[in-house]
Each structure stands twice: as C-alpha cells, then as structure tokens.
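Copied over from TrEMBL:
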type	residues	note
BINDING	Gly120, Gln121, Thr122, Ala123, Ser124, Gly125, Lys126, Thr127	ATP binding site
DOMAIN	28-368	domain 'Kinesin motor'
REGION	1-26	region 'Disordered'
REGION	402-435	region 'Disordered'
Amino acid sequence: MTVGLPPITTQHNRSRGGSNSSSPTYDNVLVGVRCRPLFPESDKTHELAWQLNPLQQSIQLANNNSNSRRYPTSHVNLQTEYHYDRVYYESSNEQVYQDMVLPLIQQTMDGYNATVFTYGQTASGKTHTMMGTDLEPGIIPQAVNEVFNCIKQSKNNEFLLRVSYLEIYNETIRDLLAPENDNLKIYEDPHRGTYVGQATEKVVTNPHEVMDTILCGETNRHISTTDYNLHSSRSHTLFQMVIESRQSGNTPLYKSHSPRAKASVKISQLNLIDLAGSEKAASNQDRRKEGAYINKSLLTLGTVIAKLTEPGKSAGHVPYRDSKLTRLLQSSLSGSARVVVICTISPTIFTVDESINTLKFASRVKKIVLRAKNEPIADDKTLLQQYKSEIDELKKKLQVANDGRAQEQQNNETMLSHERQQVTHTMAPPQPIST
Ligand SMILES: Nc1ncnc2c1ncn2[C@@H]1O[C@H](COP(=O)(O)OP(=O)(O)OP(=O)(O)O)[C@@H](O)[C@H]1O
C-alpha cells in the first residue's frame, strides 16, 4: 500500500485520460531507488550505511562511525544528498509496484509502449523486486495480473496477448522458451523499433499460463553463486508482453475515412527487464568472463545514458550498437516508450562505492526526456488482424461450401423429382381393385 506517500506527479499521470491521442507526451524517466533490508548475518554488519528520507524522497550516507572511519568528512559523497521520484527502505514489493509500475500498466493497455528495468550491483535486490517470491510477488506477476484485470473490465475491446522470455548471456541473445535458439538477432522496424527476431512468442489467455511460461523459461536461465549472492543472475533477462487490441465486432477502432483504419489494431509492448548485477573480479575463469560481459554492457548502458543527457548538446552519436542490451533498449531510451527504472542498493558499508555508482546512474537516467506516442497501427502483421483475416477466409469457405451444398441439394431434389416423374410415367397406371 502507498500509505503516507504523496502521488507521483510526472506527466505520466497528467497525460492520462487522453487514451486515444496520437500526439506525443513529454516525460522524464521515472526513477526509484530501493535499499534492501540489512541481513546482519550474511552482511556481517549491524550498521546501515545509508540514511533514507522517504518524505523528501532522498538518500545520503549515514553520519555514523563506520562511515566516518572509512570516508574522511571532506569526501564529497559523504555530503551529497541524492533525490529521486521515490526512495524505498523496508517497503514491500506491492508498494513499489503500486507506486511506480501500476500507472504504467494502465497506459500500456491504452497503447503506449513501456519498459521497466531494475539496475544495481549483485545481491542488491533486483530479482526480488522484479520477480519476488510466492509470499511477496514482484513486479512481473503483479503486472501480469493487472493486464488480465484490465482486459476483464474492458467491455468493448478484444485483446490478444503474446509473451516471450529472453536472456542476454555473454553478449548472445537466448530464447528461454526454446533454449536451442541461442543466438537470436536484433532487427529494426519503423513501428516496433528494435526487436528480437525469431523469438518464441506464446499466445496466452490467463495469468497462470503466463507464470507457467516464465517458470519454464527460468529453468533455462544462467544463474550461479557469487561472493555476495547464492542465486545470482548472470544474464540480463527480458520478459516481453505484446498487447494487441481492437474494438469488438466490426466497428472501426477509430473514426476515419481510410479503409486501412477500419482494420486498425493497437499494439503495445511491455518490457520487464531484470539486469544482471555488476560484480568485482570473480575467482573462477568462467565467472570472470561472465562478469566482464556484464560489466561491459552495463558500462555501455551508462555511456548511452550519459550521451543522452549531456547538457547543452544534442546527443550526437549514441553508441547503442556497442552492446546487445543497449541495442534492445534503444527504442525505449530514445523516447518511444514510457520508462521506469528501479535502482537497487545494498545497505552495507562494504558496498558503498558500488552503491554510489548506482545512485549516480539513477541521477543521470532521471534527466532523459522521452516522447512516448501512442497511435493505432493498421498492420496486417498483427495476430488479431491475421486471425480476423483467417476467420473471414474461413467464413467465405464455409459460405462457398454451404452454397455448394445448397446447389447440390437443389440439383439432387431436381433429379429426384425428375426420376420420380420418370418412375411415375413408367409405372403401370393404377388398376381398379376388382372385387
Ligand atoms: N526488499 C527485500 N526484502 C527482502 N529480501 C530481499 C529484498 N531484496 C533482496 N532480498 C534478498 O536478498 C538476496 C539477494 O537479492 P536478489 O537475488 O534479488 O539480488 P540481485 O540484485 O538480483 O542479485 P544478482 O544481480 O546477483 O542476481 C535474496 O535472497 C533476496 O531474497
């Protein structure tokens, strides 16, 4: 629940209600920072390195003995107070979801593309935030439920949902729903932006089916033990839901004289991304290789964001192509989607440097200006359109078959009456019954 928290007043909220508008709305990325709880046993400390102020939505290093021993008071980062849209400590997954993601899901149902990603060092709580547990479901299960709730409440639209689940591991894109497809390519499309070709897309009809699909994909993920996390994600994962919708029946979706518009279907994409955590040099060779790839792609993400937010300059060359991750995020970061970033930090003194890097990343992301646009797409490639075409085709065939059968029946009847007439003619005229 969001007790005591003021509503977030970005243009995300302000622009709601204009659901059919195709003019862009200008937005900043919505950024939250979440500090996970201290686990004294595994964290090997009882002292919280950070001081969080949820009323100011700010965070700074705590003024305690451990911090002052480690950092001289002149240390610039000790003085800095970082501000974000939201700051969380000891908050539930439900609260984070309700505040930051729920409004976005409703906009996705209205036709906007949306991307949510978690960013932070290893063991800081990214997967907990994104996927959660049975007892405390994370963003993905809650978002999936909300999508189906919206569909249930929508009386006048029909929907088609398809999901895919991918991972970027050592700079190759793997299909978690068909692991034999382990080197998928990225393509570009004027409507869809950058997307992964040949990814398995499963058409889904209820939340259980989606969660079963994800669970199945999870078994194919790269997970191993790091110095800080027993179950550390060694890959970036992208869960994608494509939502197609059109008005029920044959009424045009939008008032237009164009025959194409009559067939228009709204398509939006919801991308939920759990990034792998950065980590200092690991002990074994495979893990060092993984770590190098993860760090490189996160570094490229940082560079792309720095480029996009350079003050007083147009972005110039933005190195999206330097990593698979930034290439996949290109459409979202270059402005065609609503974006929410949840940066996670660990609460301990031992990870303060990594946490400061995460906070600086979060501050930079906050400056990106987006121009999300929603417009109906008259696209023959949408599944709803394909299905409608197939149904129309089947109806035609049925009609032809029915016409044929009716004709045949008519022919049969004509033949029958002809034969009857012939039989009648060849039959001996009835004889009077003689007594
Ligand atoms: N907010 C939280 N509340 C309770 N437990 C949490 C929270 N955040 C993280 N944890 C726990 O901390 C541990 C590490 O979290 P998690 O696996 O989500 O980290 P991560 O950032 O995804 O790490 P990696 O990048 O290595 O995959 C897990 O046992 C998780 O359950």
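Cβ atoms are placed via backbone N, Cα and C, with glycine included.
Just so you know, TrEMBL annotations never went through curation; they're auto-generated.
Fair warning: this is a prediction, and the values are worked out from it, not measured in the lab.
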Cβ neighbour count within 10 Å of Thr122 (ATP binding site): 23
Distance-selected binding-site residues near ligand 1 (C-beta under 6 Å), from Gln121, Ser124, Thr127: Ser124, Thr127
All-chain count of other Cβ atoms within 10 Å of Gly125 (ATP binding site): 24
Protein Cβ atoms within 10 Å of Ser124 (ATP binding site), excluding its own: 27
Number of other Cβ atoms within 10 Å of the Cβ of Thr127 (ATP binding site) across all protein chains: 23
C-beta crowding around Lys126 (ATP binding site), within 10 angstroms: 27
In the chain carrying Gly120 (ATP binding site), residues 6 or more apart in sequence that have Cβ under 8 angstroms from it: Lys126, Leu275, Gly277, Cys343, Thr344, Ile345, Thr358
Cβ atoms near Gln121 (ATP binding site) (within 10 Å, other residues, all chains): 25
Conformational class of Gly125 (ATP binding site) under the three-state DSSP mapping: coil
Ala123 (ATP binding site): tally of other CB atoms within 10 A of its CB: 25
For the domain 'Kinesin motor' (28-368), mean pLDDT (0 to 100): 85
